[in-house]
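Peer 1: Got a structure for you, written out below as structure tokens; questions coming shortly.
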2 protein chains.
Amino acid sequence: MAKINEDLQRERDKCTFKIAELTTLIDGGRDRTDARREREKVLLSRTKDLDGVPEEYLSHKEKYERAVKNSVILFGLVRQMQEEGKTSVTDYRDVITALLASAQTRDGSPLGVHYIMFMPAILNQGTEEQQAQWMPRAWNSSIIGTYAQISRREKMISCDVHASIASPDIIFGEKGDAIIDDDDDDHTELGHGTFVRGLETTATYDPSTKEFVLNSPTLTSYKWWPGGLGHTVNYCIVVAQLYTKGQCHGIHSFILQVRDEETHEPLPGIKVGDIGAKLGLNSVNNGFVGLDNVRIPRNQMLMKHAQVLEDGTYVKSKNSKLIYGAMVFVRVVIVFDMVNYLSKASTIAVRYSAVRRQCHTKEGEPETQILDYITQQHKVFISIATAHALRVTANKLWDTFNTVTEELGGGNLNRLPELHALACCLKAVSTADTANCVERCRLACGGHGYMHSSNLPLTYGLVTAACTYEGENTVLLLQTARFLVKTWQNVDTAKLTPTVEYLKNTRSKGFIEKWQNSTECIIKGFQIVAVGKISSSVDHMQQRISNGMALENAWNMTSVQLVSAAEAHCRVIILSIFYEVMNKAMATVSPELRRVLQKLVELYCVYWALEKVGDLLQYAPIAQSDIREMKSWYEDILVELRPNVVGLVDAFDIRDGILHSTLGAYDGRVYERLMEEALKSPLNAEPVNQSFHKYLKPFMQGKL
Amino acid sequence: MAKINEDLQRERDKCTFKIAELTTLIDGGRDRTDARREREKVLLSRTKDLDGVPEEYLSHKEKYERAVKNSVILFGLVRQMQEEGKTSVTDYRDVITALLASAQTRDGSPLGVHYIMFMPAILNQGTEEQQAQWMPRAWNSSIIGTYAQISRREKMISCDVHASIASPDIIFGEKGDAIIDDDDDDHTELGHGTFVRGLETTATYDPSTKEFVLNSPTLTSYKWWPGGLGHTVNYCIVVAQLYTKGQCHGIHSFILQVRDEETHEPLPGIKVGDIGAKLGLNSVNNGFVGLDNVRIPRNQMLMKHAQVLEDGTYVKSKNSKLIYGAMVFVRVVIVFDMVNYLSKASTIAVRYSAVRRQCHTKEGEPETQILDYITQQHKVFISIATAHALRVTANKLWDTFNTVTEELGGGNLNRLPELHALACCLKAVSTADTANCVERCRLACGGHGYMHSSNLPLTYGLVTAACTYEGENTVLLLQTARFLVKTWQNVDTAKLTPTVEYLKNTRSKGFIEKWQNSTECIIKGFQIVAVGKISSSVDHMQQRISNGMALENAWNMTSVQLVSAAEAHCRVIILSIFYEVMNKAMATVSPELRRVLQKLVELYCVYWALEKVGDLLQYAPIAQSDIREMKSWYEDILVELRPNVVGLVDAFDIRDGILHSTLGAYDGRVYERLMEEALKSPLNAEPVNQSFHKYLKPFMQGKL
């Protein structure tokens with residue numbers, strides 16, 4: 001192993017807590033740490049020679065070809081490990097997750113959707129016969145599929161997916177039962193994202209041949225975005241408006257073969273290809289498909305829920321609520337993704353800031369580590385705290401999800417609206433906060449953070465994508481707002497579910513007797529802010545209505561405030577959970593670690609209190625002098641955390657092979673790595689590029 | 001011309017003002033609009049066939065080769081136009097600007113630095129003999145050069161460039177004369193950006209041969225970043241620590257030949273290459289160079305200011321103040337750049353939002369244009385207002401720059417510190433605001449904004465780079481803070497220069513008698529906020545000092561607050577200038593345009609008042625009821641601007657060939673263009689990619 005940079009080594013030497021203890025806490029137990037390390041070791045050891053020319057130097061097409069090569073090797077490895085029955089790698093989901101996080105597929109994999117969505121969709125929506133027909137071939141990768149729409153949409157025909165924007169009558173009206181509407185935004189057709197009802201692809205049943213005829217009647221109805229669809233998959237689950245016996249029954253899912261299994265040529269009537277280069281995810285092979293009278297047998301409609309009989313009779317689904325589970329599940333996974341990216345970005349920025357020196361603080365001394373500048377600490381430390389806060393929140397959401405799922409099994413739907421509202425705002429706030437944090441980290445690394453070899457630009461590309469996919473953030477926050485407004489309107493009479501109980505509590509007399517600069521008081525302050533924002537949004541809306549404005553317009557006019565109210569609610573949730581869970585954890589750890597965790601919680605609370613100080617001033621009993629003191633408090637926390645930040649990011653325990661960053665590697669050989677990566681540029685393979693002879697020289701000689 | 005999208009046409013039909021009138025106002029006169037259009041027409045007509053495969057599909061190396069080809073054609077065209085004496089294109093700077101903004105070099109040009117920095121540096125720093133020797137060859141491109149450091153640094157030896165962070169004694173101490181220090185951050189050496197004194201490259205004079213011997217003693221001293229240095233230029237101006245007669249005289253500039261003029265091979269002792277792939281600017285060919293005992297003749301040190309005589313005697317420069325002009329000039333140019341990018345991004349987002357429809361507002365009606373959602377208006381309209389606000393501010397800064405330059409000629413240095421502080425904060429705030437606005441626009445376009453063909457990802461890559469280059473934003477804001485703190489400490493006694501006069505005025509009794517929701521009152525409110533932040537930062541710092549903290553530590557501990565104070569000052573400047581200049585303009589335009597301009601000014605003021613409501617609550621006499629009303633006011637402004645926003649972005653008058661966006665083209669054929677661009681992906685040229693046969697099929701057959 002190469003020598004560790006001296007500054008980094010000094011940081012590690014002075015760290016006051018045991019790094020391994022925190023790693024165990026993060027993983028949720030020593031055995032889980034061990035299992036994760038074992039998985040990573042196996043994967044990294046068998047894939048370390050896949051790299052070659054760094055991805056950022058490749059063309060779009062070369063990136064794709066590299067991605068296919070690496071993906072089949074990696075997924076082949078998974079298959080092999082399963083066959084070998086390696087105990088440490090038997091957890092399918094953990095392996096896939098570890099695999100997709102590895103450096104070789106860090107920009108995504110064209111096979112990812114096959115494992116993450118295609119197979120689960122068949123399991124969730126297919127009948128037992130259909131599962132028996134398709135799953136064995138999918139499982140051993142004899143066929144590779146993708147999904148042109150998220151599964152849970154199947155039964156959304158009767159509810160307005162964009163109701164949070166377009167149909168506020170659901171809030172004020174009687175359609176209480178429809179409070180959970182789908183709201184996703186996957187841009188599954190070129191012209192339609194969020195609004196699923198507007199999908200134009202059709203599947204018309206032809207009883208004479210017992211087939212469905214699939215069509216893309218317009219350019220805007222082309223499917224657009226499914227991962228792997230471009231040139232990789234030969235099957236695809238397509239969502240289309242079902243017509244039978246002259247009637248439309250809304251959207252349903254169909255298994256469609258898009259390419260020949262032997263030749264891989266697109267089948268007749270199918271126009272399929274790559275959608276082009278993107279900000280990130282260029283290894284995913286997102287594709288489009290257009291259909292011209294493509295016929296598929298009747299049994300390729302996924303019929304676990306609704307069915308079309310041989311004669312074309314439509315049989316409705318009996319059950320439409322349970323499928324919401326999948327949606328919540330996906331969003332919890334996204335929050336965990338964000339935690340991973342935050343851990344990476346903060347590891348890179350902190351280690352680089354320890355190595356990078358700039359300017360003398362005092363004449364004659366060595367230049368100062370930039371980690372010593374408070375402005376740098378202000379940029380970077382919040383990412384560490386955010387990673388912890390989102391991790392414990394995602395864990396909690398996961399537990400809640402499991403509880404509610406159990407209750408659902410018993411027919412209890414009470415907490416479904418709450419869970420949905422929670423998943424919506426947590427997905428939105430966690431992705432937006434992560435994107436901001438990652439970009440702060442990147443900018444904190446100055447010009448070198450702009451280099452692809454830092455891995456920060458790609459990381460930003462991936463996290464910012466999450467602000468749009470699986471529910472565009474603004475749309476999601478309006479979903480949460482809808483739940484909050486409805487809850488608020490019944491706050492005096494209804495029994496409130498746990499995450500909104502505070503809506504009632506804050507109104508008790510002396511909820512905050514006198515402001516104190518403590519984490520507890522800040523959390524109470526945020527509760528007051530959320531209540532204030534919800535109630536004033538409702539007032540604002542009702543005032544516009546009483547001035548004669550139509551309900552849907554009043555909702556639209558208030559929507560900027562509603563988004564803000566939903567965000568405030570989400571801050572309450574994250575702050576409270578972080579505080580509670582960490583306090584419990586602190587009771588179980590060493591005193592050294594306890595002090596550091598305490599500071600992380602304080603940092604997170606005070607950072608957000610100062611960020612939202614305008615809200616606190618409007619709604620909570622906080623004075624200017626409190627704010628002045630709070631700023632000093634914040635500065636002091638940064639200084640107290642300073643000696644331990646390298647230890648804090650080391651505890652994320654991200655191997656160099658996964659981190660993949662010149663600036664963030666464990667040994668801190670920043671400049672050596674920057675130069676090594678630059679020398680891998682194919683441009684540097686020749687001293688003189690051909691363009692000199694072809695263009696530059698004639699130009700310099702005045703001949704061009 | 002293709003048919004215009006019906007929605008866009010309807011927007012244009014209902015626009016209430018004359019678009020041409022606003023375009024004229026933006027350009028600064030009808031003749032300037034005509035000249036700009038003529039330039040663009042010539043350039044676009046002669047370059048329209050350069051495109052081929054869209055750049056986003058190319059490899060890093062192919063991008064470079066394309067960039068060289070396009071650049072020599074474009075700069076050859078400029079040369080040709082100059083020779084032809086075309087009156088409309090004789091303004092060198094305008095032509096270069098138009099050229100670099102064109103779609104063909106939108107990601108930068110490897111020849112750009114030759115024109116923008118190499119030649120100006122020789123003019124500014126070379127003696128008359130040196131100019132005569134080098135300029136004719138540079139002018140007709142017989143040699144191509146780059147600059148490994150910004151010129152103005154030449155004389156920075158005696159002042160601490162990072163003093164704003166590291167040496168606060170300059171504020172409190174006696175070094176008043178040194179108030180302007182350089183503070184740039186161009187990462188000109190691998191291990192050194194901001195701190196110029198730390199540069200390690202050496203130039204040692206050898207009187208026996210009358211040569212300088214240039215060396216890169218360490219890896220961290222390699223020059224890193226100069227545009228075109230990788231494989232394009234054969235000359236380079238290098239900045240190095242000058243040693244003669246055993247003494248170091250600090251950094252000076254030297255003309256260095258890096259490649260053979262005939263063969264383009266790197267010269268002996270010179271290690272030169274490409275620094276690798278970046279978030280953006282991948283056509284610029286940023287390079288590195290390391291020097292191993294490279295000898296150059298004595299007359300290749302640029303000696304307009306300081307000299308080394310034949311015997312090695314060092315002769316000091318007489319004049320060190322005038323060179324600050326160049327720095328301010330560069331920063332004004334950056335603000336104008338930001339205006340261009342904002343105009344582009346808002347054009348794309350507004351036109352797309354008019355074309356894109358999503359969800360019904362009412363049952364049975366067509367889906368709603370997303371431009372009708374207030375949340376969308378909130379995301380996008382501020383970019384239009386910001387483009388105008390920054391444009392008039394940049395114009396004003398430009399005028400101030402010229403005034404101060406004249407005064408400098410007459411020996412009056414009074415306004416130099418003010419100008420420097422102004423340029424620092426305007427560069428920082430304009431680039432940060434623009435990056436935020438562009439990203440808001442991109443996210444407002446959903447998944448399609450993530451496509452490279454929208455041109456939004458590249459635009460973001462270019463504007464976020466500006467947050468780091470030419471002075472890292474935090475460092476710059478601390479420079480401004482230093483000026484503000486110093487000014488504040490003398491506020492009662494000194495005669496204040498114009499842009500800080502308000503520091504005194506706000507303290508007059510009844511400065512705001514009673515808060516009113518008006519643009520005038522908001523501007524006054526921001527003045528109070530800036531004063532409040534400056535004074536409380538100073539108090540905070542002094543309190544830490546009286547508690548026994550060393551001055552430099554107290555400055556560091558307060559630096560987050562100081563950055564915030566400098567930003568607040570900058571907001572005062574932009575808001576005041578925007579308000580004043582637009583009010584004057586409104587007196588000269590038609591009533592229809594006046595109403596729209598009025599709303600733009602209101603939008604900008606109210607948007608920022610709500611963004612900074614916490615500051616207003618802390619420092620200005622504003623009540624909660626004012627804020628409630630202000631939110632309604634904001635919503636109403638959005639609605640009032642709504643019918644004219646397509647007209648507002650049309651008035652930016654950006655040709656499709658320059659905008660280069662599938663989502664933003666004038667005709668609004670969004671979906672057709674998305675598909676057309678996708679079909680240009682080389683992946684789509686073959687129905688089956690080779691990787692199927694090589695990897696995918698064996699994998700699917702279980703053979704891999």
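Glycine too: its Cβ is placed from the backbone N, Cα and C atoms.
Below are the features I grabbed from TrEMBL:
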DOMAIN    B:20-144  domain 'Acyl-coenzyme A oxidase N-terminal'
BINDING   B:Thr188, B:Gly227  FAD binding site
DOMAIN    B:324-485  domain 'Acyl-CoA oxidase C-alpha1'
ACT_SITE  B:Glu470  active site, proton acceptor
DOMAIN    B:519-701  domain 'Acyl-CoA oxidase C-terminal'
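I'd like to know what surrounds each of these features in this structure.
Peer 2: In this structure, B:Thr188 (FAD binding site) belongs to neither helix nor strand by DSSP; it is coil.
The average pLDDT for the domain 'Acyl-CoA oxidase C-alpha1' (B:324-485) in the predicted structure is 92.
All protein chains shown were included, and the count of other CB atoms within 10 Å of the CB of B:Glu470 (active site, proton acceptor) stands at 20.
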Peer 1: Go ahead and report the DSSP secondary structure tallies for the domain 'Acyl-coenzyme A oxidase N-terminal' (B:20-144): helix first, then strand, then coil.
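Peer 2: Split by secondary structure, the domain 'Acyl-coenzyme A oxidase N-terminal' (B:20-144) comes out as 96 helix, 0 strand, 29 coil.
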Peer 1: If I take the alpha carbons of B:Glu470 (active site, proton acceptor) and B:Gly227 (FAD binding site), what is the distance between them in whole Å?
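Peer 2: Rounded to the nearest whole number, the Cα-Cα distance is 13 Å.
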Peer 1: Who sits close to B:Gly227 (FAD binding site): which same-chain residues at least 6 apart have their Cβ under 8 Å from its Cβ?
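Peer 2: When sequence neighbours closer than 6 are ignored, B:Gly227 (FAD binding site) has B:Gly108, B:Pro110, B:Gly112, B:Val113, B:Thr146, B:Val284, B:Asn285, B:Asn286, B:Gly287 within Cβ distance under 8 Å.
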Peer 1: Test of understanding: give the count of other CB atoms lying within 10 angstroms of the CB of B:Thr188 (FAD binding site).
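Peer 2: Step by step: centre on the Cβ of B:Thr188 (FAD binding site), count other Cβ atoms within 10 Å, giving 25.
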